[in-house]
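Everything below concerns the one structure shown next.
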Amino acid sequence: MNLSAALRLSSASLWHRRGILALVTITLTLSVMLLLGIQYLRTEVRQSFTNTIANTDLIVGARSGQLNLLLYSVFHLGDATNNIRWSSYQSLKQDPLVAWTVPLSLGDSYQGYRVVGTDDNFLAYVQFGNGQSLELAAGQWFTQLFDVVLGAEVARAMAHQPGDDIVLAHGGGRVSFVNHNQTPFRVSGVLAATGTPIDRAVYVSLPGLEAIHVGWEAGVPLPGRTPSAAQLETMNLAPDSLTATLVGLKNRMMTFRLQRQLNQSPEEPLTAILPGVALSELWRLLGQFEKTLLGITGFVVVTSLIGLATVLLTLQVHRKQEVAILRAAGASPSLIASLYLLECLLLALLASGCALVIIYASIAASSDWLLQQFGLAIGVRPLDTTEWSILAGVPAAALLVGILPALRAWWRSRETQFGTTSTE
Amino acid sequence: MSRAPTFHGIHRPESGYAIISRNLGFRWPAQASALTFPDIRLPQGESLFLRGPSGSGKSTLLSLLSGLSSLQAGEFHILGQAASILSRRQRDRLRADHMGVIFQQLNLVPYLNTLQNTLLPCTLSKTRRNQAHPSPADEARELLTALAIPESHWQLPITRLSLGQQQRVAAARALMGNPALILADEPTSALDATNRDRFVDLLLTQARKRQASVLLVSHDEALAPCFDHELSLEELP
């Protein structure tokens with residue numbers, strides 16, 4: 001069989017029927033885009049997800065499950081079941097195995113965004129992605145009692161900039177009926193976007209967080225007992241407890257030892273988790289949904305390919321004359337069948353190519369916007385093995401569904417006759 | 001130039017004849033009685049006019065001789081080869097390499113332009129490509145010129161050509177690559193008298209120039225005088 005002849009004929013035939021086949025190709029392109037796009041995003045989101053926190057060896061909180069601790073400390077989802085005592089935190093900080101700690105105190109919110117009470121170590125040690133450090137996009141890290149640093153998304157969504165005053169709300173909900181009106185905070189800086197939950201929180205000092213709760217009881221300010229801001233500046237505002245702490249070790253080989261030591265602490269029931277392990281477990285839970293989504297889009301591609309085969313089968317009626325001429329000119333039934341297979345293959349390759357170009361163009365055009373608007377860090381990168389396999393699977397599946405029209409054409413072209421210029 | 005194809009291990013040629021057939025018969029599945037055909041002996045380089053009314057089996061006979069249909073009874077030789085015992089694949093190859101075929105109408109591949117349609121046999125057969133002189137493209141241009149297709153039409157889609165022009169392009173395609181045998185099935189039935197005479201004249205002139213044999217079937221007896229031989233399906237016993 002002359003492959004080059006078959007390729008030339010198939011290409012010319014496709015171009016001749018471009019009007020009808022364009023719609024099928026668009027459908028196929030969209031479905032391949034969906035399939036490949038979801039896999040691409042899945043990979044990116046997984047990467048982004050597992051890179052949510054880096055450089056941290058342990059997360060320590062009150063006794064709870066590791067997913068719960070991970071969710072409230074890193075993703076700011078849900079609430080801690082209990083706090084850890086300040087004294088326990090101090091002991092941990094003094095532990096000879098520990099290089100640094102980052103205290104995290106949660107509880108309040110600002111317009112639905114979590115308020116995180118922490119210290120300078122947050123900026124110094126917390127990393128994301130592949131070990132990227134936090135940077136300030138504007139202003140500076142908090143230095144005063146009522147300074148606040150905003151995550152990138154908070155600053156964007158609320159249109160704040162350094163110098164603005166904000167009032168925190170008591171409690172973690174989006175809507176709060178009790179605000180810290182007497183103790184407004186001034187925005188001292190805005191963190192650069194990270195594509196992680198860091199962008200969706202506001203950061204104040206631990207004394208600052210303590211200060212706004214002086215004179216409060218049972219979640220409400222006691223009338224006449226809430227000191228002024230000037231009075232608060234002079235008070236000792238060391239916290240009694242923390243929600244959690246991030247821990248970096250001097251020697252990572254000691255991670256399991258310290259984890260075991262903390263989990264078995266006789267002084268206070270604590271839970272120490274390895275962030276990587278907890279993130280993997282969480283991803284396994286979330287991954288099921290994505291696998292299902294990928295499966296569904298796979299079916300969309302298969303449906304499109306079946307649509308392609310159906311169109312080719314329908315077109316066979318109009319191609320009787322062409323097949324008769326080709327047969328009379330010496331084309332074998334195998335060559336006729338190969339035309340159908342090649343047409344399926346060429347259309348699938350075209351659709352896959354278009355889908356790839358559109359996906360890359362879309363990502364290149366929108367990656368900055370996605371990061372700014374949604375905190376999604378999705379960039380252009382070469383396809384990985386799985387994505388190439390999926391892309392290669394499309395032409396392979398097209399060849400498979402092309403077998404039906406090809407077999408039909410092969411069978412009918414064997415019966416070509418003079419006089420009818422048809423295959424029937 | 002010898003045009004006899006060489007098939008190693010197959011019957012030796014009955015040389016000098018483009019077609020020799022004996023006792024050919026064929027029956028369609030739904031047909032009560034079988035079609036029987038007259039014996040044919042067409043010397044190489046000569047032309048035969050086969051006339052017969054509709055339904056007399058003209059197209060069926062051409063399908064058998066071209067190898068498109070499988071023979072049920074009798075035997076025949078094409079260009080010295082016992083074509084009746086060849087496999088379907090071998091018959092396809094024999095047709096691709098050594099036969100030019102013209103249908104009644106709708107003779108051209110709709111997605112190829114005039115020149116590409118003319119070059120089609122050379123696309124499908126290396127033998128035809130090698131036999132094209134001096135090159136496939138040059139021979140195609142020469143044939144189209146000889147068959148009165150204006151150069152301005154060579155790159156046009158075939159739908160832009162008149163019916164007469166389309167049939168002449170089909171003749172050019174059949175003659176492309178110097179096949180030894182041209183089979184034509186009522187190629188003038190859709191043409192008016194002027195175009196019909198012009199077509200037959202051009203076809204036979206070019207075929208003689210290339211020493212190709214021509215078997216043309218038609219119900220139009222006015223064409224008979226143009227051919228070296230004449231045979232009627234009605235003369236069957």
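Residue numbering: from 1, along the chain as shown.
From the backbone N, Cα and C atoms, a Cβ is placed for every residue, glycine too.
Automatic, uncurated: that is what TrEMBL annotation is.
Record features, source TrEMBL:
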- A:22-211: domain 'MacB-like periplasmic core' (DOMAIN)
- A:296-410: domain 'ABC3 transporter permease C-terminal' (DOMAIN)
- A:20-41: transmembrane segment (TRANSMEM)
- A:293-315: transmembrane segment (TRANSMEM)
- A:335-363: transmembrane segment (TRANSMEM)
- A:388-407: transmembrane segment (TRANSMEM)
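Between the transmembrane segment (A:20-41) and the stretches A:293-315, A:335-363, A:388-407, it is A:293-315 that has the most C-beta pairs under 8 angstroms. Counting same-chain residues at least six beyond the ends of the transmembrane segment (A:335-363), those with a Cβ under 8 angstroms from any Cβ of the stretch are 1-3, 5-7, 9-11, 13-14, 21, 24-25, 28-30, 32-33, 36-37, 40, 305, 308-309, 312, 323, 326-327, 378-380, 383, 391, 394-395, 397-399, 401-403, 405-407, 409-410, 413. Sequence-distant neighbours of the transmembrane segment (A:293-315) (same chain, 6+ residues past either end, Cβ-Cβ under 8 Å): 17, 20-21, 24, 27-28, 30-32, 34-35, 38-39, 42, 340, 343-344, 347-348, 394, 397-398, 401-402, 404-405, 408. According to DSSP, the secondary structure content of the domain 'ABC3 transporter permease C-terminal' (A:296-410) in residues is 101 helix, 0 strand, 14 coil.
Taken together, the residues in the domain 'MacB-like periplasmic core' (A:22-211) have a mean pLDDT of 87 on the 0 to 100 scale.
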